[in-house]
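J.: Taken from TrEMBL, the feature (6S)-5,6,7,8-tetrahydrofolate binding site covers Ser116, Ile117, Leu118, Pro119. Look at TrEMBL and you will find 8-189 tagged as domain 'Formyl transferase N-terminal'. Taken from TrEMBL, the feature domain 'Formyl transferase C-terminal' applies to 212-318.
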Amino acid sequence: MAQEKDCRIVFMGTPGFAAASLRRLAAWPRAHIVAVYTQPDRPAGRGQKLAMSAVKKLALELGIPVCQPASLKGAEAQAELAAFRPDVLAVAAYGLILPDAVLDMPRLAPVNVHASILPGLRGAAPIQRAVMEGWQPGARAGISIMRIGSRLDAGPVYAMGDTPIGEHTSGSLHDALAELGAEMLVTVLDDLMEGRAVAVEQDESLATHAAKLGKRDGYINWTRSAAEAHAQIRGVTPRPGARTVLHLDAGTDFEARSMPLIVSPGTIGETAAGTAPGSVRHDGQDISIACGDCWYTLGMVRPEGRKDMPVRDLLNGSLKNLPQGVCGEARLPEESL
């Protein structure tokens, strides 16, 4: 079969994860990206000034027309989209609902890049949930390229790829999966153009949901194993952040105090058998907290209103007179109110 030269693509996406796919599509010789759809500019930062999405910034750099409807449910927005005569809707983290009338528009298919091994972790936060739940050795995360249907992330899957979770944070895994998804998207679109793409229905009995994370998902429960705590901390890094409150005992030259912290991933240490979970100790260099089985040495820490810093700087500053050894306990933030 002779290759069709151009694939008329309407790309739909908003954050940096989607920008990776747009950049890769723009480099694909067969791609004719006729329009980019992204969410409207939103207030951002302390000044709450309107900010463009990562996808809009890239589309403008590439000279691709940008459309930013607040919804695709109306007849006017749908007529504008239909006028582009897309072969494919290529979607990645767009954030708007696509009505059936929109899904029926492309000549070949509406295709979505989803950051999980479907049918597992459907929903808004698959990368963060994969890290948080992937504390066992050999855990993997992945990408599914699927045909979009009327139900969320439930359409048939054209291709899947995976990668070890290892020591990834959700931030670093996000970047790795964005690049993997971009490459897989091009492969699937090429298969669609050549008529060799096959989509396999998902097994509904295996479906799980990845709910959006809130601040409380970052509250560290030190009664769990160190491996589970480590996975939780990595899963909420950089957002919404792993939080704990140190309740530090009084010493000869040290007043008892509570210190809320956002903590970065650290390391799992020796057994904490016989020590109450949440116990805090320091040796002048590091702060460790007892989990249900082992000690966990904190990585970087961020006290309220300050920037990330090495634990040593905290011990040499605000906590310089804190007695070494077991010196307090770590609690969930709501237990400190």
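Glycine residues also receive a Cβ, built from the backbone N, Cα and C atoms like all the rest.
A TrEMBL annotation is a machine prediction, not a hand-curated record.
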J.: Would you report the average pLDDT that the model assigns to the domain 'Formyl transferase N-terminal' (8-189)?
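T.: Summing pLDDT over the domain 'Formyl transferase N-terminal' (8-189) and dividing by its length gives 98.
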J.: Same chain, not part of Ser116, Ile117, Leu118, Pro119: whose C-beta falls within 8 angstroms of the C-beta centre of the (6S)-5,6,7,8-tetrahydrofolate site? Give them in sequence order.
T.: His114, Gly120, Leu121, Arg122, Pro126, Gly142, Ser144, Asp153, Val157, Met160, Gln202
J.: Other than its own, how many Cβ atoms are within 10 Å of the Cβ belonging to Ser116 ((6S)-5,6,7,8-tetrahydrofolate binding site)?
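T.: Its Cβ has 24 other Cβ atoms within 10 Å.
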J.: Can you name the residues of this chain that are 6 or more positions from Ile117 ((6S)-5,6,7,8-tetrahydrofolate binding site) yet have a C-beta less than 8 Å from its C-beta?
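T.: Listed in sequence order: Arg140, Ala141, Gly142, Ser144, Met160, Asp162.
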J.: Just name the winner among Leu118, Pro119 (the binding-site residues) by count of other CB atoms within 10 A of its CB.
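T.: Its Cβ has the most other Cβ atoms within 10 Å: Leu118.
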J.: By DSSP, how many residues in the domain 'Formyl transferase C-terminal' (212-318) are helix, how many strand, and how many coil?
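T.: Per DSSP, the residues of the domain 'Formyl transferase C-terminal' (212-318) fall into 20 helix, 38 strand, 49 coil.
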